[in-house]
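Report on the structure given below.
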Amino acid sequence: MKISITAPAKINLSLDALYKREDGYHEVEMVMTTIDLADRLYLERLDEDKIVLDVKAHFIPEDRRNLIYQAALLLKKRFDVKMGVRITIDKHIPVSAGLAGGSSDAAAALKGLNVIWELGLSIEELAEISSEIGSDIAFCVYGGTALATGRGEKISALPNIPGCWIVLAKPSISVSTPTIYKELQVDNVEHPDTQKMIESIKNGDLDGIFAATGNVLESVTLEKNPQVKRIKDRMLAFGAEAALMSGSGPTVFALIKQYSRAKRVYNGLRGFCEEVYMVRPWSEGENDTNINY
């Protein structure tokens, strides 16, 4: 059996860290949504008991360091799977960008393996299992728009956001998420209004969504990396209704109602930033998963 499955990137419409927990993680409230910048995974069931990864991108490990490999290994051990798998990853999501590319790939792998290994697990069960690998993966298992709490693994579904344009810009720097959280001072930062964001999404109010965007991690990343702030400022100067850093960065995204204005923001960033994308909110469709027996 062979299967192909889409792994969409995500952005944080709001990201709040409330306090540091005893386990070392921060208690978070994040409203996230998937976008149509996506990787594609191709899974082939093998009779031989082995996991083979083939990543069509440089600098991405194909062994136990990869979240996809960890996801496959976890399912094999948990359910005593004797079959193997070959997984080919066609990468489009930038690496180490704050867009959950690795987490989304792992989520897609879990869903694909559930099919080709005939495990019969529900989405809820897959999401629960995924939290053993990484905090963002549970959201990626569900996709769409959702509130994530706890350390990011507790997911409450929300309606999809109204149609708009999203311009992404990733500078050629890397950011350490653990370092950003370590330097975050939760008592000395402006916190986003998560409830306002949720209400705006439920009401289909784009202007309310734009106004409620916020990310406490900007207080650290923008201070340490001025080029990230310059990208955000440039987006707003070219007409973005809202601009925000995704995750711990370094990617910044602009939210825009009209195509013509989005194109102006996109063109204003090309040449200024190495990687620029113009995308839409993700809508699940019939081509998300294809199965060949």
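Glycine is treated like the rest: Cβ placed from N, Cα and C.
It should be emphasised that the depicted structure is a prediction, and the values quoted were computed from it without experimental measurement.
Per Swiss-Prot, active site is recorded for LYS10 (among others). LYS10 (active site) is surrounded by 29 other CB atoms, counting those within 10 A of its CB over all protein chains shown.
According to DSSP, ASP136 (active site) sits in a coil region rather than a helix or strand. Swiss-Prot lists ASP136 (among others) with the feature active site, giving sequence analysis as the kind of evidence.
Sequence annotations record features per position, and here Swiss-Prot assigns ATP binding site to PRO94, VAL95, SER96, ALA97, GLY98, LEU99, ALA100, GLY101, GLY102, SER103, SER104 based on sequence analysis. Reduced to three states, the DSSP call for GLY98 (ATP binding site) is coil. In sequence order, ASN12, VAL175, MET245, SER246, GLY247, SER248, GLY249, PRO250, THR251 are the residues near GLY98 (ATP binding site), counting only same-chain partners six or more apart with C-beta under 8 A.
Within its own chain, SER96 (ATP binding site) has SER174, VAL175 as residues 6 or more apart in sequence whose C-beta sits under 8 angstroms from its own.
Contacts of PRO94 (ATP binding site) defined by a Cβ separation under 8 A and a same-chain sequence distance of 6+ are given as GLY101, LYS170, THR251, GLU275, in order along the sequence. Taking only the Cα positions, the spacing between ALA100 (ATP binding site) and LYS10 (active site) is 6 angstrom. Note: the CA-CA distance between GLY102 (ATP binding site) and LYS10 (active site) rounds to 11 Å. Applying an 8 A CB threshold to same-chain residues 6+ apart, the list for ASP136 (active site) reads LYS10, ALA100, SER103, ALA148, GLY152.
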